[in-house]
C-alpha cells in the first residue's frame, strides 16, 4: 500500500539517496565450541544510510575491499554470507551448518576430551577498568577478556569460515546489531571487528538487513512492512517503507534484553521447582546440572513449536537423582505469557512514532528463531488481522541482507540501486542553562545526519563553556543519560549572551556520533567522538526512558516552561541593564527621572528573583516579566515618538540564544 502521507521532500530524499546508493550485507556462520561455553553477549546492529557511494563509484572499491562479507553476530547463533557471482551465499561452517553457536571454549593444548574440563572452566564477571569483563581459566592461568575480545573470537571464526569457502583472504565486513543498540554497543561491535582483523565498513540494524532479504526482488510499488525480530537474546521491531530498492526505516523500537533465553530461563526455573517438590533437593546452584537442564529445555522449546507436549529427561541429573518432567505447550505459554505480551509494546510504539495505522501495514516479516513459537505468531495475527509472512528463513535473513549490503559496498553491479535509509533510536542533545535538555537530533531521524545550533554564555565575561552531551527523551538532562562532555576555553570577555558558540552534532551511518563546538568570534573549536565509555545506557534504561518520557510528559513540560520563563526574565534584566549603561545608546537618550524609574523596576525584579526564583511557578515568572516590560515600554516608546531613535541604531531588547 502506498503511504498516503509521503511528501515531495521524501521523494527528493529518496532520489538523492539512490544517487549515492547504499545497502546491507548478510550472513556468516561458524561452529565454535563445544563445552565450557562462554555465552557471548553479542551485539546486533543498526546502521545504514541514505548516504554512501553509487554503484559506479563503488566498483572502484572492489579491488580495495575485495569480497565484503556480511555477518549476523547473534546472541545465541551467528551466521555469515557473501555476494558471490551475482547471488548471496550463506556459508556453511566446518561442521556443515549454516548457523554457528555464539560460544567460545577455552581448553588446554592437546586436550581431546573437552567434557572432562567443563567443570573447571566456569566464567565469572569481574571489573576491568571500570567495565565488566569475563574471567576464565586457560592452561591453569586466570585470564580476563573484555566482551569485545570474546565477540572478536566469534567474528574471527566467521572470517575464517568465509575465507575457507571463498578461497582468499577477507578483510572487510558488514556486521549487524539490534536496532536498539546504543552508541557504546555499536562502537564495541566495531572494536570487536578490528580485534578480529576485520574493517567493519558498516554496522547495520538487523531488522533493516532482514527487510532487504524480504523485499529486494519486490517491484510492485511502495509497501510498508513491520519487521518483528525476536532472537535468542534481543528483540527489535522496525517499520519500513520499501519502494523499488529503497529501504527506508520510519521508526524502530525494541528491548536488547528479551529473547529466547528468557523463555528458556522461565521453563528452567519451573522444572527446578518441580524437581525440588519431588526430591527435596535444590539443584539451582549446581552449574553442571543447570547447564544440562538448559540444553534440554531449549530442545523442548523447539519441539513445542510443532507438538503439543514433550518430555524433559536427564539421567543422574543431581546427586544421583534422575529428572523426568512433561512440558506442554500450554504450560510453556503460561510461563512466558507476560514476556510474549511485552513484545507487543514496541510494535505499538513504532506505529505511533511513524504515524501509521496497523491496517496500513502490508506485511509482518518474522525474523529470529523465537518467532517460530506458535503463540507469538498467533498474537501478531490477532493484532494485525493477517498471517505473518513466513517467506524468508528467520535464522538466515539478517545475514542475507548484510551480505547484500556488503556486495553494494564492494561495487557488485548486479545489485543495481539498493538504498538503505536508517534512523537513530534515541534523541540526542546538550544541557543548557537550568539543566534543560536542548534536543539537536530527535529519535527516528534519518542517518547519517548533521545538525548545528548557536548557543551563548550564561554569565558576563565567561571564558569557558562546558558542552555536556546526552541521549534520552526527557526534558531535563538529569533524567537522561550523559554520553560525554568537553570544554571550549579561551572565549574573549564579553557580556552574557554575546558570544556565539556553534555546537554541531554529526551522526554517521553506523550510529556513532561526533560533537564539536566552535567560537564563531575567534574560530577556536573543540570536539569529542562519543565512544564506548562506562556509564552508557543499559537496555532496560533505554526502554525505561521512552516509557517515562510519555508518563512524565506533562510534568516535564511544566518544568521546562518554568526554566524557560526564568531564563527569559534573567536575560531581559541583563539586557536592559546593559543598554541602560550604554551612553551611546538607550542610556544616553533617557532623562534622569525615566532612568531612575527603570533602575527601580530592575531592582524590584531582581529582589523578587532572589526571593522566589527557586519556588515560583512558570506563570508567576512570566507575570513578573510582563510587569517589568510594562514598566519599561512607555518610557522607551517616548524615545521613538520623539524621534530620538530615528537613526535606528539601537538593538531591540531580546533574549538571545540558549545559554550554556
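Please read every residue number as a count from 1 along the shown chain.
Glycine residues also receive a Cβ, built from the backbone N, Cα and C atoms like all the rest.
Taking the Cβ of residue 234 (ATP binding site) as centre and 10 Å as the limit, one finds 30 other Cβ atoms among all the protein chains shown. Annotated ATP binding site per Swiss-Prot: 74-77, 232-234, 298-305, 369-372, in sequence order.
Sequence annotations record features per position, and here Swiss-Prot assigns region 'Nucleotide-binding (NBD)' to 131-285 based on similarity to another entry.
Looking at the region 'Substrate-binding (SBD)' (404-504) alone, the prediction's average pLDDT is 88. Marked as region 'Substrate-binding (SBD)' by Swiss-Prot: 404-504.
Annotation source Swiss-Prot lists motif 'Prevents secretion from ER' at 657-660, citing sequence analysis.
Here the binding-site residues are 74, 369, and the one whose Cβ sees the fewest other Cβ atoms within 10 Å is 369. Under a cutoff of 8 A between CB atoms, and with a sequence separation of 6+ in the same chain, the neighbours of residue 77 (ATP binding site) are 99, 100, 101, 102, 232, 369, 395.
Residue 372 (ATP binding site) falls within a helical segment according to DSSP.
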